[in-house]
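Pulled from TrEMBL, these are the features on record:
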type	residues	note
COMPBIAS	1-11	compositional bias 'Polar residues'
REGION	1-47	region 'Disordered'
COMPBIAS	37-46	compositional bias 'Basic and acidic residues'
COMPBIAS	84-104	compositional bias 'Low complexity'
REGION	84-303	region 'Disordered'
COMPBIAS	161-212	compositional bias 'Basic and acidic residues'
COMPBIAS	215-227	compositional bias 'Low complexity'
COMPBIAS	258-286	compositional bias 'Basic and acidic residues'
COMPBIAS	294-303	compositional bias 'Gly residues'
Amino acid sequence: MLRNEQAYTQNRDQHYPATEAALPRGVGGVVNSLLNRGRDPTEQERQLQYTEALRKQEVEQQRAREQSAREQQIQRECEIRLFQEQQQQQQQQQQQQQQQQQQQRYASIPQQHRDQPQHPPFASPANRHTPTQFGEAPRPPPQPRQSQAAWEEQRAASARPEFDHQHSLLRQQREQEAAVRRDHEARIRREEAERSRQQRLREHEARLRDEEGWVQQPPARAAPAVPQRHREDEARFGGGDVRMQQEAWRMGQPEARGPNEGRWREEEAGRREREEEQLRRREREQAANLFGAGNRGGLFGPR
């Protein structure tokens, strides 16, 4: 039993010191008063007192920080106001000094010459070799400084033409883009209308075939006639020799020239025309794919 009391006392003194130095401010007195009354404070009372003391200490620290911030703000405002007053006093002193100098300079001019225009030395041929004897002319009074609002208004007025120019360029660009978009949409609508018309026509023909047994026969075509000169060339040179001679002529060999050169020139022109037509068709298809016709992604997004 004695050992248990000693262990409890040692544990209490180790973890819950009852001195004011080991406790926050405001806790030591309460704990000591409880000890003086003849009973030990419970753990809950110690925890409550400790929490309350910490809260009071945080509140006092926050008040001290706020008070310090207010004092610093007041000090800064006082310094700024003092600096502004010093600047105003200096400006007033400078203006007074300038006015006094102007008045003294004006007073040094004789009465009969005060209303005459004053020229600096050697300003005109009349006094080129005679320096002026009345000093320089009095300066005009200092103009008031331009306000911030007036300066911003003047700046906006000077920047207005450039802004209008940029705005007009942007408007023209948007109008061009809108025109291209309208043309593209109109072309897509025409193509869709043509496809729908062809589809309806095919459906109508299929319905007629199903209902009446009507079948549209393609027009009979006769076999292409071989021109007389072709037959003569075939009989004269043979099929393989003529083709080889034509390939040599196409490659630019002068010895391949012969009676078939005119026909070959016509065939070459027709071949080039067909190739150009295929190239133009391929370019149109690429342009349609680029602008989004037939797919969901393009220059102007999904249709």
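Cβ atoms here come from the backbone N, Cα and C positions, even for glycine.
The compositional bias 'Low complexity' (84-104): residue composition by secondary structure is 21 helix, 0 strand, 0 coil, according to DSSP. Mapped onto DSSP classes, the compositional bias 'Basic and acidic residues' (161-212) shows 52 helix, 0 strand, 0 coil.
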